[in-house]
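> This is the structure I want to talk about, given as structure tokens.
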Amino acid sequence: MGRRSILFLFFLAASNCCSVNAAPSAQCYADILAYQIGIGTLESWALKMLDSSSKLPPEGILQGSFLFQLGNFDECLSVKGPLNSDNEPRFTGKYCRAQLGFKATNKTDPKSQLLFTQMKLAYDKITNGISFKDTIGMIKSPEPQTGLIPNATILAQWAVCAPSSCTADGVKIVADFNLRQFFSAFNLDIDTAVIEGSCQFEGDGKQDLDTGSWAFVLFFLILTLAMVFGTIFDYVWPKGEDLHVAVQAFSLRTNLRNLFTLPKRSAPGQLTCLHGIRVFSTWWIILIHCFTSYVFLPHINARMAIETYLFEWSMAPLYNASLAVDTFFFLSGLLTVYLVLLDQKKGRSFNFFKFILYRYLRITLPLAAMIFYLATLHKRAGVAPMWDLYIEPQNQICGDYWWVSLLYFANFYKPAETMCMAQAWYLMVEMQLAVLTPIVIYPLLKWPKIGLGIIGVLTLGAIAMTFGLTLVYNFPWTVTLIPFESTANFGQLISANPAARAAPYLCGMALAYVLANKITLKLPKWGVALEWILNSAACLAIVFSIVIVYNKNFVYDNLEAAFYASLHRFGWAVGLSWIVWACVNGYGGPVNSILSWKYFLPLSKLSYCAFLVHIDEIFYHIALNRTETFFSIFEIVFEFFGTLIMMIPATLWLYLAVDAPCQTIIRVVFGKANRSAAGTRSKNKLEEDKEEEPTPDKKAEELQDIKSDN
């Protein structure tokens with residue numbers, strides 16, 4: 001660079017420094033001046049600060065890539081400023097994101113108007129295609145930003161590297177200074193707004209372990225040591241003598257045996273098909289969470305992705321993936337009543353308080369362990385440009401409102417502020433439905449016809465409620481990525497409302513009565529084939545009819561939305577009822593062979609822990625992104641399979657250290673039969689158990705060990 005260029009940059013830096021309006025600290029002001037002068041004198045540390053900040057033009061402006069420019073996070077944090085008298089850096093690099101804003105100048109010309117207009121068109125195309133209202137904050141404006149077009153704003157966040165001695169006001173000076181060098185060519189003045197929560201620098205203390213974090217580390221070590229000692233005692237304890245249940249409950253030998261032992265054969269009437277349904281539904285939920293999390297990342301082809309993928313009919317299974325949650329509601333209602341009816345046949349009475357307490361403990365203990373981690377150590381598990389968007393909100397909410405989730409009413413008490421885990425709303429609704437089950441169970445046990453009538457009335461009530469709410473509030477057909485003006489209360493009134501989501505649960509309860517009482521029909525082969533064809537066509541129609549909403553020429557009609565919203569979940573549950581009934585009664589054919597594949601059994605047992613762990617794994621990976629990504633279906637599939645693999649350690653630990661031991665101990669406390677809690681048995685006894693012919697009643701007891709509440 002020539003001498004004239006250096007002098008020009010020097011005077012440009014000095015003039016910009018002297019024209020600022022903010023009032024940073026004296027140290028910050030001095031460090032900013034040193035940075036601006038350092039650029040003019042080509043100091044390497046100053047050039048690294050500028051180089052790690054966002055600059056114009058980013059590639060793909062018309063594709064919306066300007067919305068989120070992450071700069072170079074690691075380069076910024078590696079900056080060491082000029083040395084002080086102690087031969088130590090005066091400051092280090094401080095990475096922040098700033099909301100991009102423009103001010104028109106007296107010299108504004110058509111050239112700058114054109115630039116802003118094109119950026120605004122790209123922004124509108126993206127935000128009109130995907131709703132950002134219910135995201136965790138990917139594009140949020142800290143304050144309104146005024147553009148060149150009246151009443152128009154562009155919500156874009158760009159990275160800035162500033163001296164660590166500066167707070168938000170000083171960082172704003174640096175951001176305005178950096179971007180002014182580029183936008184001044186368009187006669188645009190810059191007015192940024194620093195997002196202070198995004199700021200990070202080396203030694204800022206954000207990764208230092210506090211008391212809560214150390215408490216979780218201690219909790220983790222205690223449970224891990226319990227597994228180690230439980231396993232050792234399980235191996236060295238004399239054969240034929242009972243080992244205390246609290247010790248053996250943590251034995252890896254016992255728990256892994258129970259997890260991976262596969263049945264050699266199954267008896268007629270067993271509900272083995274539920275394992276496959278549960279596993280496929282869990283995968284479906286993980287896939288949609290990978291998709292919805294990935295779609296809100298900064299993409300270099302955001303506008304093209306909207307135009308290419310949003311309206312593809314093949315995306316319907318992703319857009320309608322909330323049906324996977326309805327599948328779990330169906331399974332939960334089915335197993336709850338099925339087990340109660342089997343207990344009645346064995347002479348056991350239904351105790352509501354024991355039932356609720358047992359269910360609460362079984363679900364809550366693994367959930368509490370997960371919340372404990374999210375509220376403490378999780379925030380300190382890394383640093384990244386988007387850490388404040390994906391990780392820190394969970395930490396804050398779980399720390400402040402953990403008790404709301406553990407009492408299962410977060411879906412009613414300020415859900416946007418108190419829902420610790422994004423997927424926990426399902427557990428809230430499922431627990432609330434379980435509390436209300438006596439309304440059906442007691443009549444079903446004493447007066448079956450009245451009980452079935454109550455199920456029918458409640459189902460019609462749930463359908464009518466959804467129909468009415470959708471019609472009155474102009475709600476969308478179902479959960480969609482398409483922005484609707486009236487979605488403010490959709491989550492609370494529809495998605496997380498137990499009354500509105502009760503239809504599949506009630507349908508499962510009705511099927512449980514049919515299965516427990518072995519109500520069957522003799523169907524000819526042609527009748528079975530016809531029923532499978534009709535049922536498959538109906539289920540596919542329910543899934544793929546959502547493409548109507550994603551049609552470019554779609555015009556919303558609240559009556560159409562009301563019919564679909566109120567009937568599609570119930571219709572899906574009816575389709576599942578046929579699948580389960582057919583598989584149990586010998587009409588399943590290859591479908592039953594797939595769903596009842598014995599290797600699904602271990603995965604089915606792990607499904608609850610996988611449900612608790614998977615979103616944290618997805619958020620953690622996404623939060624670590626340093627650059628913009630390229631959106632494609634292949635990347636989503638790659639993310640999905642990567643998540644399945646990477647979540648294995650956390651899922652296994654949660655199951656072996658918390659879920660399985662708690663199941664064993666709780667079953668003993670409640671006097672339920674347990675396969676291995678009574679003590680260590682002899683090898684001969686184990687072999688006898690393996691060869692024992694399974695019965696439907698024994699299988700029902702095992703079903704209770706496999707969570708259907710995820």
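Every residue gets a Cβ built from N, Cα and C, even glycine.
Caution: TrEMBL annotation is automatic and unverified by curators.
This is the feature table in TrEMBL:
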type: COMPBIAS; residues: 684-710; note: compositional bias 'Basic and acidic residues'
type: DOMAIN; residues: 25-201; note: domain 'Nose resistant-to-fluoxetine protein N-terminal'
type: REGION; residues: 675-710; note: region 'Disordered'
type: SIGNAL; residues: 1-22; note: signal peptide
type: TRANSMEM; residues: 214-237; note: transmembrane segment
type: TRANSMEM; residues: 279-297; note: transmembrane segment
type: TRANSMEM; residues: 317-340; note: transmembrane segment
type: TRANSMEM; residues: 360-378; note: transmembrane segment
type: TRANSMEM; residues: 424-445; note: transmembrane segment
type: TRANSMEM; residues: 452-473; note: transmembrane segment
type: TRANSMEM; residues: 493-516; note: transmembrane segment
type: TRANSMEM; residues: 528-550; note: transmembrane segment
type: TRANSMEM; residues: 570-588; note: transmembrane segment
type: TRANSMEM; residues: 600-624; note: transmembrane segment
type: TRANSMEM; residues: 636-658; note: transmembrane segment
> Determine which recorded stretch among 279-297, 360-378, 424-445, 600-624 has the most C-beta pairs below 8 angstroms with the transmembrane segment (452-473).
424-445
> Under an 8 Å Cβ to Cβ limit, what residues of the same chain, 6 or more beyond the ends of the transmembrane segment (636-658), are close to it?
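Tertiary neighbours of the transmembrane segment (636-658) are 223-224, 226-227, 250, 252, 255-256, 259, 283, 286-287, 290-291, 294, 365-366, 369-370, 605-606, 609-610, 612-614, 616-618, 621.
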> How about long-range neighbours of the transmembrane segment (493-516): same chain, 6 or more residues beyond its ends, C-beta under 8 Å?
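Beyond its ends, the transmembrane segment (493-516) has Cβ neighbours at 269, 271, 322, 326-327, 329-338, 341-342, 345, 411, 415, 425, 428-429, 432-433, 436-437, 440, 444, 448, 451-452, 455-456, 458-459, 461-463, 465-466, 469-470, 473, 475, 479, 565, 569-570, 572-574, 576-577, 580-581, 584.
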> With the transmembrane segment (214-237) as the reference, find which of 279-297, 317-340, 360-378 contributes the most Cβ pairs under 8 Å.
360-378
> Sort out for me which stretch, of 317-340, 528-550, 570-588, has the most Cβ pairs below 8 angstroms to the transmembrane segment (424-445).
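Highest pair count goes to 317-340.
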> Taking a Cβ cut-off under 8 Å, which residues six or more beyond the ends of the transmembrane segment (570-588) line up next to it in the same chain?
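Here the qualifying positions are 268-274, 277, 323, 326-327, 329-330, 334, 459, 462-463, 503-504, 507-508, 510-511, 514-515, 520, 523, 528, 531-532, 535, 538-539, 542, 595-596.
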> Mind pulling out the one from 317-340, 360-378, 528-550 with the most Cβ pairs under 8 angstroms to the transmembrane segment (600-624)?
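Going through each listed stretch, the top one turns out to be 360-378.
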> Within the same chain, where does the transmembrane segment (528-550) have neighbours whose Cβ lies under 8 angstroms from its own Cβ atoms, ignoring anything closer than 6 residues to its ends? I mean 6 or more beyond.
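Same-chain contacts beyond the flanks: 310-311, 313, 315-317, 319-320, 323, 476-478, 480, 482, 564, 568, 571-572, 574-575, 578-579, 582, 587, 589, 591.
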